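**Student:** The structure follows.
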Amino acid sequence: MPKVIIALDRIIRGLTVGLFAVIPLFFLPLTRDFFDTNKWLLTCVAAVVILLIWSVRTVLARDITFSPSPAAAGTGLLTLVLFLSFLIASRNRVEAAMVPTGFVTFAALTLVIFFGGAFVNRGAQTLLKWMLFVTSTILAVIAVYLFFGIGKLMFPNVSYLADSLWTPAGNSIAAMSVMLLTLPLLVEETVSAYRKKADMNMTFASVMTLVVIFGSVLTLVQVVPRISTNLLPLSTAWAVLLEMFKTPVGLLFGVGAENFLAAFSAGRPSAYNALPVWNIRFTVSSSMLLHLATTAGLVGTAGLFVFGRNLITGWKTGHWGLRVSFILALLLILLTPPNITVLVAIVALMLLKPHHTEAVKTISVPDQARQALFGGIGLAILIFGLSAFGLYKVYAAEHFFYRSLLAAQANNGTDTYNLQNRTVNTNPYVTQYHITFAQTNLALANGIASSVGQNDKQTLTEEERQLVSRLIQQSINEGKLAINLSPGNILAWETLAGVYQNIAGVVTGADDWAIIAYQQAVRLDPVNPILRLNLAGSYIVKQDFPSALQQLQLAAALKPDLANIHYNLAFVYRQMKDPLREAAALQTALALLPAGSADADRVTKELEDAKAKLSAEEIAVLEGQKAADSGVQSPLSTPATRPEPQITPKIDLGQEASPQAQAQPPLPPEPTITPTRAPSPAATSATPSAGTTQVPPEGEGP
């Protein structure tokens with residue numbers, strides 16, 4: 001065999017083995033998500049590079065070598081069914097393609113296994129196994145170091161090393177999963193080396209085994225107490241799944257890979273509000289099985305079952321350690337959230353099957369068909385070029401966005417604005433970019449408008465009014481662009497509603513538009529009490545107290561133990577001249593607040609004022625009422641009857657700024673304004689309603 005063919009074989013083999021070994025450890029602090037985004041990109045790049053090198057090798061060798069193994073068949077079928085869901089259920093296909101556990105990832109893994117796996121021989125299998133051992137050991141060592149605070153002592157300037165659960169795997173569940181998957185193989189290797197009297201192998205394997213066990217235990221004891229507050233409860237995930245199955249498209253093809261948040265918002269039951277995680281919005285389900293069933297429907301579920309079947313196909317021909325690892329892999333699919341690190345580790349196990357090398361096929365190409373090979377390499381080059389261009393655009397936008405967040409933290413408004421403008425022009429198909437850019441524009445506009453009344457400044461200059469008008473228009477437009485990309489995204493509607501609510505004192509008609517946007521948000525997330533609280537706030541601005549009362553009563557029914565709802569109810573009752581109900585609401589709020597807190601003192605004073613208006617009979621009725629038990633409460637917020645900031649006269653943006661009007665295309669790459677007032681760092685993230693939080697992206701948290 002010519003040396004160039006041998007060299008290409010080694011390169012393909014090295015890329016394949018190296019990819020599976022390095023993914024659990026690979027991360028880059030260049031994007032907003034250090035972990036999954038970069039692991040996804042590396043997997044895609046490795047796949048297209050292997051395809052290109054394989055194509056060149058095929059032409060030079062005049063034969064086609066591939067591996068139609070059960071691993072390739074399993075990932076290939078999943079790719080096919082997820083692609084069907086992608087075509088039918090996904091509205092924003094760019095975002096769907098960027099999901100780390102979506103069809104693009106499975107397609108990349110299929111290419112790696114089908115083409116690169118053909119060159120994984122027995123020696124490469126042994127190398128891959130030991131590289132997985134090393135990877136797991138490194139993860140375990142990091143877990144041990146951080147648990148005892150050594151990482152913080154060694155690298156005091158690296159902030160994320162202060163977290164005892166930080167891991168390059170992306171999150172602690174992924175790290176623990178990788179360690180558990182390799183642990184049976186390590187134990188088997190130790191026992192085998194002992195029986196063969198291979199002292200060096202036994203020493204290395206036994207030390208690695210002990211380290212991995214220790215690291216797994218330390219991770220486990222930290223993760224278990226946090227599961228109830230960091231993972232979507234199984235009962236809620238099941239309820240969301242059943243709700244999505246009520247439509248034919250949802251039943252067969254799911255809601256789309258990018259739409260789990262929309263499914264969660266629409267499908268979670270009201271009982272969710274009684275759970276400790278009631279204010280968390282989850283972007284993944286409880287397990288890979290439930291997640292694929294929700295996002296890809298029955299076709300995705302069927303594909304996953306075939307993948308699981310292929311996972312254990314021929315497992316009896318392997319060693320007992322591999323069989324135990326396969327059982328653990330199935331349990332991880334059933335019990336843990338989807339994660340690209342775990343997925344790649346499971347596929348790596350499939351490459352270790354003894355019969356994998358027996359599935360390799362080589363077909364000689366006759367001379368008369370050689371022209372077709374050149375056509376094939378041309379197609380491979382085209383795929384490589386298009387993939388490289390697309391991946392560059394995706395990664396460049398992620399990098400610009402991350403730099404904009406750093407600029408916001410540094411209070412640099414100009415760089416924040418310009419980098420986010422560059423982000424949405426580089427990749428205009430990501431909803432989060434537009435949501436954040438909308439908030440940045442709003443923060444800059446508020447900063448300028450709030451200068452009125454400071455340092456004896458009575459009004460804005462004409463130039464400042466034009467700048468505020470431009471920023472507000474851009475904020476509204478970005479919010480509407482986010483909605484156009486993802487009409488079911490609750491964060492997009494919430495952001496637009498928040499923009500309107502914040503500019504009600506500046507822009508004519510904004511208070512009405514805020515109500516329209518919040519009404520749509522409530523339709524998308526009907527059991528969210530905070531959305532109804534915010535909608536009530538918009539009604540209060542309009543002095544529509546009956547409508548505000550209706551929303552607050554619904555919010556109180558959904559979340560009776562939230563003090564702020566009852567405090568706002570008391571405010572509305574006060575405006576409606578109903579002191580008895582005002583006092584009852586204040587009494588309920590007081591019972592829910594920590595004794596001695598500033599909020600409790602404020603409510604106590606207001607309750608005394610309300611009681612002063614009551615008769616003795618009414619006070620007796622009030623004293624007989626029982627309030628709910630106290631819980632953890634967010635600070636009380638006084639209902640706003642006069643939105644801030646205020647500008648006189650208000651800016652008239654016309655009906656083009658209303659929620660019903662169409663959004664305009666994104667701004668050109670070079671903005672015509674460079675505001676210097678920086679938004680707060682909080683303004684550059686997708687901010688849910690007051691009192692709610694968003695679940696950390698994949699790669700953060702336990």
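Positions of Cβ are set from backbone N, Cα and C atoms, glycine also.
Feature annotation from TrEMBL assigns compositional bias 'Polar residues' to 631-640. For 673-693, the entry in TrEMBL reads compositional bias 'Low complexity'. Look at TrEMBL and you will find 624-702 tagged as region 'Disordered'. Per TrEMBL, transmembrane segment is recorded for 12-28, 40-60, 72-90, 96-120, 127-148, 168-187, 207-228, 248-267, 288-307, 327-352, 373-395.
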**Student:** Does the structure show the transmembrane segment (207-228) and the transmembrane segment (248-267) touching, where I'm treating 3 or more Cβ pairs under 8 angstroms (sequence separation 6 or more) as a contact?
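**Tutor:** Checked: the transmembrane segment (207-228) vs the transmembrane segment (248-267), no contact.
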**Student:** In terms of Cβ proximity under 8 Å, which residues at least six beyond the ends of the transmembrane segment (288-307) contact it?
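**Tutor:** That would be 73-75, 77-78, 80-82, 84-85, 89, 101, 234, 237-238, 240-241, 244-245, 249-257, 259-260, 263, 332-334, 336-338, 342-343.
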**Student:** So if I exclude everything within five residues of the ends of the transmembrane segment (12-28), which remaining residues of that chain have a CB under 8 angstroms from its CBs? That is, six or more out.
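**Tutor:** Same-chain residues near the transmembrane segment (12-28) but 6 or more away: 34-35, 38-39, 42-43, 46, 49-50, 53-54, 57, 112, 115-117, 119-121, 124, 127-128, 131-132, 134-136, 138-139, 168-170, 174-175, 178, 340-341, 344-345, 347-348, 351, 699.
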**Student:** Output the single range from 72-90, 96-120, 127-148, 327-352 maximising the number of Cβ pairs under 8 Å to the transmembrane segment (168-187).
**Tutor:** 327-352
**Student:** Out of 127-148, 248-267, 373-395, which stretch has the largest tally of CB pairs under 8 angstroms to the transmembrane segment (40-60)?
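**Tutor:** Ranked by Cβ pairs under 8 Å, first place goes to 373-395.
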**Student:** For the transmembrane segment (327-352), name the stretch out of 72-90, 127-148, 248-267, 373-395 with the most CB-CB pairs under 8 Å.
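**Tutor:** Of the candidates 72-90, 127-148, 248-267, 373-395, 127-148 scores highest.
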